[in-house]
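Visitor: For reference, TrEMBL lists these features for the protein:
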type	residues	note
REGION	1-39	region 'Disordered'
COMPBIAS	18-28	compositional bias 'Low complexity'
DOMAIN	89-174	domain 'Phosphagen kinase N-terminal'
DOMAIN	202-439	domain 'Phosphagen kinase C-terminal'
BINDING	205-209, H268, R312, 363-367, 392-397	ATP binding site
Amino acid sequence: MPIPLPKSLTEANTNGENGAPTNGSAANGSGGNVDERLLAGHQPNKPLAQVKDATQDFIKGETNAFIQSIKEAQLLGELKQDTMVDAAVLAKLEEGYAKLAASDSKSLLKKYLTKEVFDNLKNKVTPTFKSTLLDVIQSGLENHDSGVGIYAPDAEAYTVFADLFDPIIEDYHGGFKKTDKHPASNFGDVATFGNVDPTNEYVISTRVRCGRSMQGYPFNPCLTEAQYKEMEGKVSSTLSGLEGELKGKFYPLTGMEKAVQQQLIDDHFLFKEGDRFLQTANACRYWPSGRGIYHNDAKTFLVWCNEEDHLRIISMQQGGDLGQIYKRLVTAVNEIEKRVPFSHDDRLGFLTFCPTNLGTTIRASVHIKVPKLASNKAKLEEVAAKYNLQVRGTRGEHTEAEGGVYDISNKRRMGLTEFDAVKEMYDGITELIKLEKSL
């Protein structure tokens, strides 16, 4: 509500527009502006008009300053109102936190969301998209069996909710502290890696992928349907310009023909609407609008548009020729980046929806059959930990191994280069095969 000016200032500012008196009293010395008469009395050597001008300038300056202070106060009030967390959101946060604290969850969310951190963050929102702590942790509050339990609804969340993100990032990425800085992107010499299983006894297939976010757009929970469609259009036109080994076709999920859909399912290319972890993180809105798949003619290069991240760029093929697969990925990433600017942070590296995929965002994995090690899961996990590898079920995260086939990949993605991340996987898989042969 507008705040009225003091009467004295109002009157002072209207006692003559250009220094002229409002009545004849000042002209005959019997009245006029009080300041004018006082100043005239104390400074007899200065002409009256000069004193009057100075007085009016002073009054106008004070008036303007007062009005500006009112405007600033009103703006501050608007900002406070705009950044307040809704009472219903706070209630849901308190209820969810109480249940998580009482649970036997082993998630990193529960480990690091102390009462002190919770109370410090529960009233905060991100500046641009007004994301709350609930947007960050709701998946972990709903799914106590989460491994991590948090997502970034927008890039600013990594800063606003740093008290929670930083320790989780440090824990997951092998000691990447809040004072650390991710190194510059470096894919290294792509000719370094060879075939991890030249006899094709153990490795069924190999895949190297990375995630990328398009500069200027929020992450899934904050995207509008119009933005989803706009991004799909940009991605489709960008990928249609790829040549050589990368040349292929883009398939929008919306309106996809049944025959095309079935072929993509048969090729294991078609991604489905997100699982319950992504659903509760609000990452699947407007499905399937704005989503699509691109693959090259040889079906060894794939791009997912607006699945979990804006872009998932994937190079893959049967067998263990990591060198060939890695080279294809590097070529693709460099070609796409020439056309689409990626979201990047000087400290965290490439920014994505999930904090496990920051930094290089590289995940190099194999489907590997190690039946002897499968019967000794503890030994398998021991070797995996030594080389910072992650062991998953055959069909990925939250699945079981089928017939002794595991999905094994590098775990660390931050604090090291893309080349070093892939090398950890290369060295670890080489050691696992050696161990399997010896058993």
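Glycine residues also receive a Cβ, built from the backbone N, Cα and C atoms like all the rest.
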Visitor: What does DSSP give as the helix, strand and coil breakdown of the domain 'Phosphagen kinase N-terminal' (89-174)?
Guide: 51 helix, 2 strand, 33 coil
Visitor: With every protein chain in view, what's the tally of Cβ atoms within 10 Å of the Cβ of R312 (ATP binding site), excluding that atom itself?
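Guide: Around R312 (ATP binding site), other Cβ atoms within 10 Å: 22.
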Visitor: Within 10 Å of the Cβ of S365 (ATP binding site), how many other Cβ atoms are there?
Guide: 22
Visitor: Roughly where does the domain 'Phosphagen kinase N-terminal' (89-174) sit in mean pLDDT, to the nearest integer?
Guide: 95
Visitor: Count the Cβ atoms, other than its own, that fall within 10 Å of the Cβ of V208 (ATP binding site), considering every protein chain shown.
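Guide: Step by step: centre on the Cβ of V208 (ATP binding site), count other Cβ atoms within 10 Å, giving 27.
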Visitor: Cβ-Cβ under 8 Å from S205 (ATP binding site), same chain, 6 or more residues apart: which ones?
Guide: M316, Q317, Q318, G319, V366, H367
